[in-house]
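Engineer: This is the structure I have questions about; it appears just below.
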Amino acid sequence: MHTIKTVLLLGVLTGLFLLAGKIIGGQTGMIIAFFFAMAMNFFAYWFSDKMALKMYRAQEIPYEEAPWLHDMVAELARNAGIPKPRIYLAPTEIPNAFATGRNPKNAVVAVTSGILNILSPEELRGVLAHEIAHIKNRDILISSIAATIGGAISMLAEMAFWSNIFGGNDEDNGIGGLIGSLLLFILAPIAAMIIQMAISRSREYAADATGAEICRCPLSLAKALEKLEMAAHQLAPVAAREVNPGTAHMMIVNPLKGSSIASLFSTHPPTEERIRRLYEMARRMGSV
């Protein structure tokens, strides 16, 4: 069901992008916007993983340095029925993890030094299972496409606004065109953000459920989420300096905490609800 919802939401997001192109340049603008979207998605497909890893200065962990971690990831990947992803370490005290890569054969799981310091092996196993679930469900590609189109919508809306301000006062545009571009400038990025949130939240719940099945212990992930949520609040000032807002949706827990506005527009569902669902899943499995 969440797959159908994701396809529909991506369709709406693409339609919004084409509409922005049409408002800027009519039929020609819509065609240009379409090919621009295709080019950006091509770029996101091939290079988004490299950009994310470089942003966090992540380095691949050789097997010799952490054989226990490699063995854990290999076991979880076997349970999920996918190839073992490469493992990277991001040198930051913020405890978090994310997955990236264009498909299961070219995937990466990245953990921070902070998460290795605060989680027990079983809790870390739950987190890694969640990230492997994202790879199995191909959420990485979907989130990259959604983020790319969403960013492009904001850019097009801004272009439309400023082109009406400085592009002359021909009769075809006039005050009506200015009002239309102003509405697009304000509403299009908000609509794109809401759609991205809906996609991301839906797939986080799915990754929690799939991850719990992969590691066969929902409580491991639930307890990890409790610790990570607490740490996210404690380290919010550090995260504000180190975390790029454009990549926060990739993390297992949103590291950007603080304001009520940030919570309102969070790409993650409430951690408390995620934990509640995992405890309910554990009860059904007889783990509690």
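For all residues, glycine too, the Cβ spot is worked out from N, Cα and C.
Pasting the feature list from Swiss-Prot:
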- 1-21: transmembrane segment (TRANSMEM)
- 23-43: transmembrane segment (TRANSMEM)
- His130, His134, Glu204: Zn(2+) binding site (BINDING)
- Glu131: active site (ACT_SITE)
- 140-160: transmembrane segment (TRANSMEM)
- 175-195: transmembrane segment (TRANSMEM)
Engineer: Could you state the whole-number distance in Å separating the C-alpha atoms of the residue listed as 'active site' and Glu204 (Zn(2+) binding site)?
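Structural biologist: It is 10 Å, counting Cα to Cα.
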Engineer: If you count other CB atoms within 10 A of each CB, which of Glu131, Glu204 wins among these recorded positions?
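Structural biologist: Selected residue: Glu131.
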Engineer: How many other Cβ atoms are found within 10 Å of the Cβ atom of His134 (Zn(2+) binding site), counting all protein chains shown?
Structural biologist: 26
Engineer: Hey, does DSSP put Glu131 (active site) in a helix, a strand, or just coil?
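Structural biologist: Note: Glu131 (active site) is helical by DSSP.
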Engineer: Mind giving me a neighbour count for His130 (Zn(2+) binding site)? Other Cβ atoms within 10 Å of its Cβ, every protein chain shown.
Structural biologist: 28
Engineer: Would you list the other residues of this chain near Zn(2+) - those whose C-beta lies within 8 angstroms of the C-beta centroid of His130, His134, Glu204 - in sequence order?
Structural biologist: Ala99, Glu131, Ala133, Asp139, Arg203, Ala206, Ala207, Asp208, Thr210, Gly211, Ile252
